[in-house]
Structure formats: C-alpha cells, structure tokens
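Record features (TrEMBL):
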type     : residues  : note
COMPBIAS : 1028-1043 : compositional bias 'Low complexity'
DOMAIN   : 157-274   : domain '1,3-beta-glucan synthase component FKS1-like'
REGION   : 1-20      : region 'Disordered'
REGION   : 1024-1043 : region 'Disordered'
TRANSMEM : 311-330   : transmembrane segment
TRANSMEM : 342-363   : transmembrane segment
TRANSMEM : 383-404   : transmembrane segment
TRANSMEM : 425-448   : transmembrane segment
TRANSMEM : 487-505   : transmembrane segment
TRANSMEM : 535-552   : transmembrane segment
TRANSMEM : 1339-1361 : transmembrane segment
TRANSMEM : 1509-1530 : transmembrane segment
TRANSMEM : 1614-1635 : transmembrane segment
TRANSMEM : 1647-1668 : transmembrane segment
TRANSMEM : 1675-1698 : transmembrane segment
TRANSMEM : 1718-1737 : transmembrane segment
Amino acid sequence: MSLRHRHPPPAATGAPGRDEEPFNIIPVHNLLADHPSLRFPEVRAAAAALRTVGDLRRPPFGQWRPNMDLLDWLALFFGFQRDNVRNQREHLVLHLANAQMRLTPPPDNIDTLDAGVIRRFRKKLLKNYTSWCSYLGKKSNIWISDNRRGGAGDDLRREMLYVSLYLLIWGEAANLRFMPECICYIFHNMANELNRILEDFIDENTGQPVMPSISGENAFLNLVVKPIYETIKREVVDNSRNGTAPHSAWRNYDDINEYFWSRRCFEKLKWPLDVGSNFFVTAGGGGKHVGKTGFVEQRSFWNLFRSFDRLWVMLILFLQAAIIVAWEERTYPWQALEDRTVQVRVLTIFFTWSGLRFVQSLLDVGMQYRLVSRETIGLGVRMVLKCVVAAAWIVVFGVFYARIWTQRNQDRRWSPAANNRVVNFLEVVFVFIIPELLALALFVIPWIRNFVENTNWRIFYMLSWWFQSRSFVGRGLREGLLDNVKYSVFWVVVLATKFCFSYFLQVKPMIAPSKAVLGLKNVHYEWHEFFHNSNRFAVGLLWLPVVLIYLMDIQIWYSIYSSFAGAGVGLFAHLGEIRNMQQLKLRFQFFASAIQFNLMPEEQLLNTRGTLKSKFKDAIHRLKLRYGLGRPYRKLESNQIEANKFALIWNEIILSFREEDIISDKEFELLELPENSWNVRVIRWPCFLLCNELLLALSQAKELVDDSDKRLYNKICKSEYRRCAVIEAYDSVKHLLLQIIKPNTEEHSIVTVLFQEIGHSLEIEKFTKMFKTTALPKLHDKLKKLVQLLNKPVKDPNQVVNTLQALYEIAIRDFFKEQRNPEQLKEDGLAQQNPSSGLLFENAIQLPDTSNENFYRQVRRLYTILTSNDSMQNIPVNLEARRRIAFFSNSLFMNMPHAPQVEKMMAFSVLTPYYSEEVLYSKEQLRNENEDGVSILYYLQTIYDDEWKNFVERMRREGMTKDSDLWTDKLRDLRLWASYRGQTLSRTVRGMMYYYRALKMLTFLDSASEMDIREGARELVSMRPDSLRSSNSGGSPSSKSLSRASSSVSLLFKGHEYGTALMKFTYVIACQLYGTQKEKKDPHADEILYLMQKNEALRVAYVDEKTTGRDEKEFYSVLVKYDQQLQKEVEIYRVKLPGPLKLGEGKPENQNHAMIFTRGDAVQTIDMNQDNYFEEALKMRNLLEEYRHYYGIRKPTILGVREHIFTGSVSSLAWFMSAQETSFVTLGQRVLANPLKVRMHYGHPDVFDRFWFLTRGGISKASRVINISEDIFAGFNCTLRGGNVTHHEYIQVGKGRDVGLNQVSMFEAKVASGNGEQVLSRDVYRLGHRLDFFRMLSFFYTTVGFFFNTMMVILTVYAFLWGRLYLALSGVESAMESNSNNNKALGTILNQQFIIQLGLFTALPMIVENSLEHGFLQAIWDFLTMQLQLSSVFYTFSMGTRSHFFGRTVLHGGAKYRATGRGFVVEHKRFAEIYRLFARSHFVKAIELGLILIIYASHSPVATDTFVYIALTITSWFLVASWIMAPFVFNPSGFDWLKTVYDFDDFMNWIWYSGSVFAKAEQSWERWWIEEQDHLKVTGLWGKILEIILDLRFFFFQYGIVYQLGISGGSTSIAVYLLSWIYVLVVSGIYVVVVYARNKYAAKEHIYYRLVQFLVIILAILVIVGLLEFTKFKFIDIFTSLLAFIPTGWGLLSIAQVFRPFLQSTIIWDGVVSVARLYDIMFGVIVMAPVALLSWLPGFQNMQTRILFNEAFSRGLRIFQIVTGKKSQS
C-alpha cells in the first residue's frame, strides 16, 4: 500500500464554512483537503463507515444536514457538545484507520472498514462494561451476538454506535472519568435508550416513537454529568475541608465509584438521574446520606497489621516457637524438639494465632463500622460473627490444651492417655487451619482460583462470603504456574535464610543473658521501685531491640537476594555487554546487521510470524549477531543498500549528537560513516575504527619482506578494519592523484600506467615478487606530506609539484625490484617521452576549488587514515556521548520484538502535565549573579566545559563573528543551550519530539527504494554542513542555506512521511494555566507558543475560565496548536466542563482533563523533568509490539521503561541520589517485573495501554491527600483490575532528580508521606489480601514495608538506647556486670544495626547494578569513592527523613504535595533555612539521642571500660553526628567562617522577629513554630493520645537522674522525685517574675528592672551556698540537674502543643511560646557549635568543597571558583 496514490471518492459537499474549520491531526470533516494523511484509503474507509446513517430515524430536534454522520446523530438525540463530537470523530477515525492499517493480511477491499476491526475495538473498549454487567447480574445492553461472523452493515453500524456512544460519554465526563463504573452505569442506561430508538419502540404514554429521556443542547453535561460532579465537589472539596478532615468523614472518588458496585444504584439512582436520591445528599447536608462505600480509611498503625496480617502472623508465630525451642539451650533446634514437653509447649502458637485472628476481627469492626447502614446490613452481621467465632476458638484451644496438661500432671509422665489428648488437640487444630490448607491448594493450581473468582456464579459467592467481602476489583489476580514457581522459590530461599539467621544469631544468644537477669537476686535499685520483682521489665528492655530487628530484617535479606536475582536477569538480558568504546569497536562490524535485524522491518510473508520455526530462526540469528558467527558484515559489502541504510541511521544519530553539542565538528567527522565515493571498493568505516590500522599494516609488510602475497594478505585480513584501511588508502590515493593531475596530460598517463602495473601484480599475486615492500614507508611519508599540503587553507602549488616529483622518484627508483633504464621506462610509459619539455608535473597540476567541500572532506579523511597513530580510545571525549553510544549499541544486541513498518506500528501519544515550571531560561536568569557572584550561565559553562566549546564552534559555523553576538543575534540559541542543561519544559519537548523525527526517518527508510537511498546519499554528501577547518574561510554558501533544525535525511523526504508520522504520534502537554498565563502576558506563555511553532506534532491542552454574569464562571477544556499556514495559534476543540477542574490532587486532575485529546493505542506519561534521545526514539515501534506478547498468562497493560538519571554529575550529593535512584529504576524494577510479578507504576516513562486504562479510571487517582503519590495508584489499580506490568531494558528515557540536600529531603519527605497515606488506602488493603502470600510479601517489602522498616531501624536505636539508659540508671546494669556475656549478645544485635546504617539497604543493589553495567572493579571503586565522600552520612540522614515523615503521616496525617525546586544548587543555604527544614525531623531527635548517650557515659558502670562503651554506642554516635552535621557537610561553603557568623546573626533575627501578623514562616519564628504543629490540628483523638504517651518519655530523665544527685543522699524514696518538681516550679516562677518586671519597668523605670534582676541573682547564689552548707549538695549537681530538667521542660512544651485548642485563649499560652523560643535558641546554638568550630579551624572549607564537588573535580573543573565566586576575568 506504500505509495499508491488513490484519488479519494468524491465526498458529499460540505457546508461552506466547514472546510476552513481548524483540525487537530487530520481534517476528517473535509476529505478532499490536501493533507498527507488523507492519501491513506484506511482513513477514508473509517470516515465513510461513520457516515452510514442510512435509514436511521432522524432526530426530531435540530436540523439534519446531508453531511452529518453517526456521531452527529447521537449528539442530536442525547445532547452532546459539538466540540466533544468533533474531538471523538477524529479520535475514532484515527484509531480505526490505524487498526485497519495493521491488519495482516490486508483486507480484500481497502476502501471499506473491515468488520473485524470495529468488533475487536468494541470488545476491548467495552470489556470493563460487560464484566461489570455480569458482576451485577444485569443483562448487557449491547445487543450484538458475538457468534455471528461476517456481520451485516446493520451490525457494523450498531458496533459504531455503541463505541461512539461510549467515547462521547467518556469525552465529556470530566472528573467522572476517575470513576469507571459510574461511566458504565451512565452508558448502560444510554445504550438502553439507544437500543429502543434503533428498534423503533413506541412510547406507551404518547404513542410517538421513543425519545431519549435527556435531550437538547448540552443536555448530557447539565443533566447527567453536573449532578454527579456537584456531589463529588461537595464531598471532595467542602466536606474534606481541603483534605484536612479525617478520611472517614467524607466520600472520595473511590467511594462514589464503588457505590456503583452494588445493585442498589439501579434502585436508588434510577434513570434519568433522580436528584432526590440519597446518593446526592452529602454529609452535613441533612437527611440520610450515603456514607463510605467499600472501605473506610482510618488513620492508624494497625492498618499495616490489617492489610498484611498473614505476614505478621508468620513472624509472630515463628518468634514464639523459636523462643520456646531455644529456651532448652541445645545446639540445634531439632534436638530440643525430640522432647515431648517442648513439642506440646510449641503448640501454644495456636493460642497466639487465634488471638491474632480475634484482634483482626476487632480491628475490622473498629475501623469499618461506618460501612454498615440499612442497605448493607450483611456486612455488620459478618463482622460480629467473625469476632464471636474468633473468641470461641480461643476458648476451645484453651479447654483442649488444659486437658493435655491435667492428664500429664496426673500421670506424672507422657502416658498414652496424655498423648491421646495431644492428638485431640491436633484434630481441633486441623479444623482451625482448613481455610489455610484450602488456600494452599488453590495456590498450587492458580487457574482454578482465577476461575472461581472471575465467574459470577451465586454458589461461588456463597462459599467465599465468609472470607472476603465481594468486590469488583481484585478478582483473579493469580499468575500462571511458571511465574508462580519462580517467585515462590525466591521467597522460600529468602525466608529460609532469614529464619535460620534469626534463630541462631538473634534468639538463641539472648536466652542465657535473659535467664541470668531473671535469676538476679536482691538487685540494689537506685531509685524508687513501683513494682517489685521488676527484673522482668529489664529483660523486656533487653529483648525489645532484638525483636524490632527481627521484625524488619526480611527487608535486608530481600535486598541482598533481589540484587543477585536482578543481576542474573540482567545478565540473561545481555545488559552491559558493550560498556565502552573498545568493546564497541570489536562489535561495530556486526552493528549494521543488528540495526537491520532489529530496527528495519523484514519483508513479511503472511503466515511466518510467530510460528515456532520463525522463533527458532530468530534465536539463531541473534546468536550469530551477538558473537559475530558467520561474518555477517561480508554481506554488507555486496548488499550496498543495507550499508546505505545503516549509514543514514548512524549518521543521523551522530548528527543529533552534534546538534546537542555533545561532540565537536572534528569528532563528528571521525564518527560519521561517509558515503561511498572515489570508487573505494570497501565499506568506509568511521575513522575512529580505522585509526592506527594502516601503520600496523605497513610494519607487517616491512617484517614479511620475503613472504608470498597470500601470507601477507591473510595476515592483514585477520583484522577486518585493517583490510578496509589498506584498500581504502590505496583506492583513495589513486583517485586523488588522478584528480589533481590534469587529464590528457603525459603525467596523467604515467600515473595511470603505474597504478595499472601495481593492479596487475596484485591480480596475479606477484606483488611481493615485483615490488620492494621496504620502500612503502618512504612512499607513506611523502604521501602524508602531499595530503597535508592539500589540507592547508592556502595551497602552494610549487610545494605540491615538488612532493609529487619526490613521490615519482621513489616509485621509479626504489619501489620496483628490478631496476629499469630510462629507455625501458619510456617504452613502458613510465617516463616523459620528451624530457626537454620542462620538469614533470610542473604544468599538470589542477587543484579543485575550495568550495568543493566533498573533495576536501575526503582528503581530510585520507589524512586521518594515513597519519593517526593513537588508538582513539577517548573519542568522543564527552562522557554522556560515550554512555549513549554504548547503551544504544548494546541494546541492539538485546532481545526485542521485530519492528513493524511505521504504517503497521501501533500509534501512541505522549502526555506531560505542566503547571508553571521553567520553560526556557530568560536572558536575565542566565545573567543574574547570586550572592557569590555566579550566574547560571557561568555555572553551566564551567560544568559543561566541552559542550560550551562545541556550542560556540557551532554558532561560529552558523555565521557568528564575535562572541558578543551570543547576547544579540544568537540569544535564542544561547537560551536554548542553557535550558537543555536544566530541568525545563523545552528540554522535555525536544526529547519527546525525537519520536516524531525518528518516525519520519523510519517511514522514509521503509518505503524508499534503493535508488532513492543511493541518490539521496550522494545529494547529502554535497549538502552536508561545512565543518570549518578554520574560522577564516567563512563557510561555503551551501552550509548557510541548510538551517540547523532541518536534519539531513529530511531533504530526501517525499512528503508522505509527515502524514504517516502524524497519524502515529502526537504529543499533548497539559498546561493547566496556559490560558491564565496568556491573559497575564506571562513570558511562559510566549515560550510555550514558541515550542508549538517549532514542533508541528505538539499540542497544548489547558483549562480556560470564562466569566459569565456576576460571579458565575464557565470552565472549558481547550486544545490548541500552531497553524503553520496561518502562522498563528489556533484553537481546535473547546469542551465545556461542569465546573472547576481541580477537585482532588492537582496533577492527576490535570492529566485527566488532557487525556481526551491524546490519540493512539498507547500513551506514555512523561514528567516535566525528563528527556529523551534520538537513538532511543528509533526503538519505540519495537517497544509497542510488546503489547502483542504474553508475559505469563496476560498481555501487558503497562510497559515499564528504564530511566537514566542525568543529574548525577552536578555534585557528590546528586551522585549519591542518582546512584540510589538508578539502582531502583533499573535493578529494582527488573526484579519486581520478573520474577516477582509485582512491578507497579513508579517512574514516569511507562507506556500505558490507553484504551485499557481509559475504561478503568485513567492513568492516576485523584482523591485528596490519600492519593498524594498519584502515579503509584495507577499501578495498584492496574494490578487489582487484572492488568500486567512488565519492564523493558532495551530502551531508556532520561530523568532529572533533585540535586541539593534541601530539595532531596523535600522529595524524600513527599515520597514518605505518600507512603504513609498509602498505608491507609483501600488499594493496599485489597492487594495485601487478594495477592497470594509470596506476591503479597514482594508487594509489602517494595512499597509500604520499605518505609515501615526504615522507621523500625530508627526505632531500634531508640529502643536500645532507652533500654540501656534504664539499665544504667536503675542499677540493674551494675548487678549484671558480673555476668558479662549479655554484652556479647547485644553486641551482635548492634553490629547488625551498623550493617544496616552503612546503607546495605541502598549500597548492595547499587554495587551489583554497577558491576553488571560497568564492570566489577569500577563498581567497587565507585563504592569506595562514595564512602570517602561521606555517602553513609547522607544515607543515614535520609533514613531519618523517611522515618520521620512516614511515621508522622500515619499517626497524624497532614501529608502535602511538596513542589520540589529543580534548579541548580551552587548557592549556600542559610542556617535559618536549614534549621526550619530539619529542626523537628533530625536535630531535636539527634540532640535527644546525644543526651541519652552522654548520661549513659557518665552513669553506667559498663561505660568505665572505654572499649566496651565505644563498641556499644559507636553506631548511635554516628547516627547523631550524621543527623546534626549532614545539612552542613552538603551545603556549599558550609564551613566558611564569615558565612557562619553571618548565618548566626540571621538566625537570631529570625527567632526574635516581631513583625506583622501576616509574616511568612521564612520571616518569623513564631509563624514557623505554629506551622510545625499543623499536623496536630488534623489528627484524631488516638493521634493526640499517642502523641502525649510518646512525650512522657522526656520525664524519665528527671526521674532517673534525681536519684543520682548528691543531694538525694542515696535515698530511694518517692519523695525525692516529688520534691524535684519544686525546682521546676521555682524556675518557672522566677521566669514569670523577670518577664513581668521587664514588661512593666524595662521601658520607663529601668532601674527597678535592674533591681529585680539583681535580687534574683543574689537569691540564687544564697540558695546554692545554703544547699552546699546544709545538705549533701555537690557543685557538679548544678550541671547534672540541667540534664534532668531540660528534657522535662521540652516534654511539658510538647504536651502543651497537643492541648493548644484549650490553652490558646489562656494566659499560659504566651508563656509556652516564649519558653519554646528559648528552647529553639538553645537547639540552634547546640547545632551551630560544631559547625562554628569546624569553620574556625583552617583547611576544613577546602576539604568540604572537595568532598561535595569531587565528581565535578574529576572532570577538571574550576568549581572552587564557582563556590567562592572568584570569577576569572575572561
């Protein structure tokens, strides 16, 4: 179908105005228009199918015109908007045309739409609807039988109507698109009415033909969408109080959607929608409202237990059993288990198990009671029954267990009767675990389970009623048998390792110390004991850290095993086989074949695809390619067209490198594959492969002087490149000499004869016999000289003549073996016939004109081949260019699907949500300097040194004369250059538009004939931009005419490429605010317009607000494009929305409104911080073919793509971040997809199956707060609805990450808070229950569990230190000191914890992934470098960030979307700013832990042995140091003395700021302090109670230390503690007096104020003296007591914050605020002290700069100037 130009059939003449109406991709309304896409008959066939209105009853309203189609017909009946209809018309035509193009074999009649195409589309689009119908037991309203093959025109029209109706509903549903089953409900009712119209029903009431219940202008929007939208708005915006109300108090999107999962929606809502229904009543609106449906999100840590109960049951039962068995202290557990008593004791685990079930059922009641209403009474019954049954089991077990022991104690031994009772107990157990056994059986045969869950038979429903409530999603999630086996083996190994380790190294070593402590008699307690025999409490404290580590360490084992599994999978996928340019050289010769095999479509025979034979052939072919068997490159020489195609693609890739300025002009020439000219007989490999080869060949020839031709030739042919270099050099020299000598001169004939003789001798293989190979080096020298002369800009003909004469002399005298006399030479035609006519060559030279670019390009190449003697390992110089070439070439040897032709590929679109980030840096932004005198441009020039040089070189080539022109004529280029190195929209757009460019080129190559390509190649050579040798030649005229933007291949295009590429690809940016930006004349708007102007496949969707009437606003979804003909922006569609767009979270809402403007079968979601590369875009059509392959038992619905983090080179911090991210997005995702099968959707380059997601709730969820990490919910939703997510590593997309510590921490905080919200969500609960056990484990440990376990590590440190403090202060420790092995046991635990802090979590996957892709030694070296740059400090710090925000979100909520700035980080952050960010999450906690460590050091008997103290606490000290110092270590000029002083002043100003009420947190301490407690406002009662309980720990310091003071005199009475509170009261009293005096007297009667101060000081001194005299008070006690009372004050403050609502109005509150201020000053000083000390010491600042910017240093940078701002005056 390639190029047959079909004349379109004459269409009905349109109304006059319609031709000019703007269109999006194809002018569907005017098929006669001149548009490249309209040449496809498929497009016309699809449009014609829409026009088959035929004999349908005409709608009574509105005028019917002859050119209207089925969509207009539906719109007139049901009241859809005109632009919605236009949008869906194009959508439908494009999709059907693309689907028809993909048919193989093509249909018989290509001018009509194939019935199979529309049927398949309808099945896919309405699949969710039909399964919804069957789930609810309703008959589907699609009245087409699927078994009728062929299908009459009537059926075809009916299919079209159903599909169109669904798309029209979807296209106008606005926010309802997040609720797929709500759309199903609407469709169900409208399809019913459509059927009645089609079947010509008569209305009983009127006797007229049936009319739809809604009709008229915009009726659908106003009568269907709006009522539901208003309900959502009231719930999601008003009732949720903008997300601050508890989740259980309002219905989110999911609740409203799940209302349609039960049949009550039909009874209550009816059709047309009954607005009086209780569905529309919202909480607080009075009346009976519908509460939560399906699930209630309650804030609590219990959610982790509820969602993953099976995991916790396993851990708790094992721990119990392990302790029971280990208590016997035998070497191995099976020795202990031989004892019957131990066996029976182990049976107590069933008590625990039934107890846990009871807890679970109580939690269900406690959390889900709000679901129960009159309509859902069954739920309530089941909850109560579950509690009763669980309680009954506990009783039953108790009775049967008691019987065992009564019998045993009666008989005094294990008599048969007692054994019999054990058997009875086991019978009861068997009944108890029947459900588990059933589940196990179904796990082994997964398809039965899937069948049971997916079929909606009443009997199955009855059977499963008890176990799980019926839900529409999460049915049939089991994977196939093979996958099942893979991930089961993985987890069995992980669990086996973990349990062995836990038993032998955690539980067993603790037994002896526990027994010893329990056995301690008469411990001398140093304080008042409330309970007697409290040794047990001490044992509990010893065990607590062990248990916490036990609960979390699966995470570590998972991390270790998954690294190795991932490496294995990666090895088999052939990752990292080509790592550098050397390996590329070895493989380059198979490269062309690989490109041909993978990127070029084969000529397809109709039935060969997919058979076993073809698969086998493919595998063999890949092997040959990979290992160079069968020398496929020989074929290349014979098959010139293949070589040419390869050359075009390769050169285009190199050209895109040049345009991106990552290679220079010279490198461009070395890398490009030149076209075949000068009659060279071999492939002309790029120069960088041929370097040094000619010289090596010459030395070989010199060695083998006497050998035969054959041996010499074979020796040279051993290296393919050497053979090519020799032949090319010979052919080029021959051509060159003949070209510069005038034809028809004597000299010309002499040279010709000489070459004939050489050629003859080669033919008869007598070369070495006739010529001396020793003369070759001399010839070589002279040739070098000749070529060098020709290369000079000013050519001196005399020197050329001299060189030629010298060459002639050598050739005649030294080259021939037998000397000939002059006569013989004349005879043979090798000398002048008439010597008197002047010297040889004198008048015979004719040098080509300098404008003959092609000639001189070849001369330069020849010169390179003749002279290069290094191996050019470092070409290209730029690391990024090398990485990209290596990755691309490696990926071509990986397994990927075959590429179809572009016409047959799946269409796709890219969607990017954009809010108001940078589009393009402005002149001011580039020039303005920060406080250190560094501008963005200067920074970029320094970091991207080589790229800047390449840019200037390119600008010069394009006509720039002096550097100052950059700020005038070339300003736009300069701004673009800088923007392409930041994280800007223009970078993303450039990257995504490579798809379009690649598709155009591939289309050309698909359809081009040999002639086109060969001719094209020739033309291109003459058109190539002139690469300047020197700036003075001014450039040839041709180079100026070739604008930079047009790529070289595009000169060959025939015109149809644009049409094909536009049909296959479109890029939509959802610029929410673009309309507002245009109105405000915001520069962002102009820049977006500029991007549209430059890229024809780019569309911008935005929300337009129009004010109508007084306060009313109308909202529209608008799509615009830039019309190249009219040279302006035109509006294509304007679809009215029911109200403001943003109800839930902003980003998903933004994506959702633009979804209706995307096209194609797939949509790739790309974020604002991403980038793409031309060579990767070439592989997109292969990637999309993956949708046709099964992965396991399902085809994929999300294709995961790997990312490359491109921000790693900015600073060491960015490097740690990108290393961590890289291992996560490559290795981590790889393991999750295969073997674990739980990859969700994380990163953003994933490609979604568009029609699958479009009918299942879109590509993200949008409820307020709960969906704060919106993207991962797309993955949850996909898995729950039976989708399949894969991961592909042969294609990658660039991604930027945050680079400064503050931004990194904000990002981590956002992710951690998001995870805290996920814990509460229904998706996680359902996945935790519906996935099988092992997939549930994988799911837990890779999402929520990772954060939970990070928090557990931090809690372990707390538990350990508090426990130690208790033991030291209470005196138990000194009693235990005699028993030394307890410290040994604790040592093991702590060492474990140290391993974790070293970042095993993050380090191991990183090392493994690195060694896979860059080699083992490189990976180890990188790891060591990272350690030296204090990466452990950073990882420890970020653990603190994660655990703080995760814990706080789960307890109190208050997660908010944090917009992370994506700028460059070279500026020094102020201390006040660092304090604001990290005070609560890190500093305060570090100070608390530091305080414990200090008290422990001074009061513990163990601590007197320094070594033991260090061994016990070094990890904790490391944690404290990291948490306090990290923000300063990673802050540029963090240890600069002047800045430190200045920062401290700034901090004090901030603390004492007493400005306006409206001050921001950045200005005023008080405002910040209040904002820091925001989460306490939104938390519930339990959150407040927990907060108070946690704060009570601060009072323990006082309790423990008071008894240690000298003044207590060793008394342990409770009175000592109570008296110590007098001190607190006295201090507060003094504080109040001083403050009162200050307020009253300080201003007017200053002397009184001084007097009060004086009295207070005198009083204090008297009291101290008195105490020293009359009690046992020691002077040191003053300082010790500070340690006791400062935490008390902090505890009181924290509790006061919880009671803020009651205290705020009282007088106490002012006191609380002022004390809090003092505390913050104190913390500030504590944190600042070490920083000030290090700044004061000389040399620290340089060291810190080196640590922070080492990566940049290694690239030879002047970063120190950047930091200190000492710019070199250039």
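Count begins at 1; order follows the chain as displayed.
Positions of Cβ are set from backbone N, Cα and C atoms, glycine also.
TrEMBL: automatically predicted annotations, no manual curation.
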Can you say which of 311-330, 1509-1530, 1614-1635 has the most Cβ pairs under 8 Å with the transmembrane segment (1718-1737)? 1509-1530
Apart from its near flanks, which chain residues at least 6 from the ends of the transmembrane segment (487-505) lie with a Cβ under 8 angstroms of it? 318-319, 322, 325-326, 333, 479, 550, 553-554, 557-558, 561, 565, 1235-1237, 1334-1335, 1337-1338, 1388
The transmembrane segment (1509-1530) in contact with the transmembrane segment (1614-1635), cutoff 8 A, at least 3 CB pairs, sep 6+: no
Could you give me three numbers for the domain '1,3-beta-glucan synthase component FKS1-like' (157-274), the DSSP helix, strand and coil residue counts? 79 helix, 2 strand, 37 coil
Please average pLDDT over the domain '1,3-beta-glucan synthase component FKS1-like' (157-274) for the predicted structure. 91
I need to check the long-range neighbours of the transmembrane segment (425-448): which residues 6 or more away from its ends have a CB within less than 8 Å of a CB in the stretch? 347, 350, 353-354, 393, 396-397, 400-401, 403-404, 467, 478-481, 484, 1332-1333
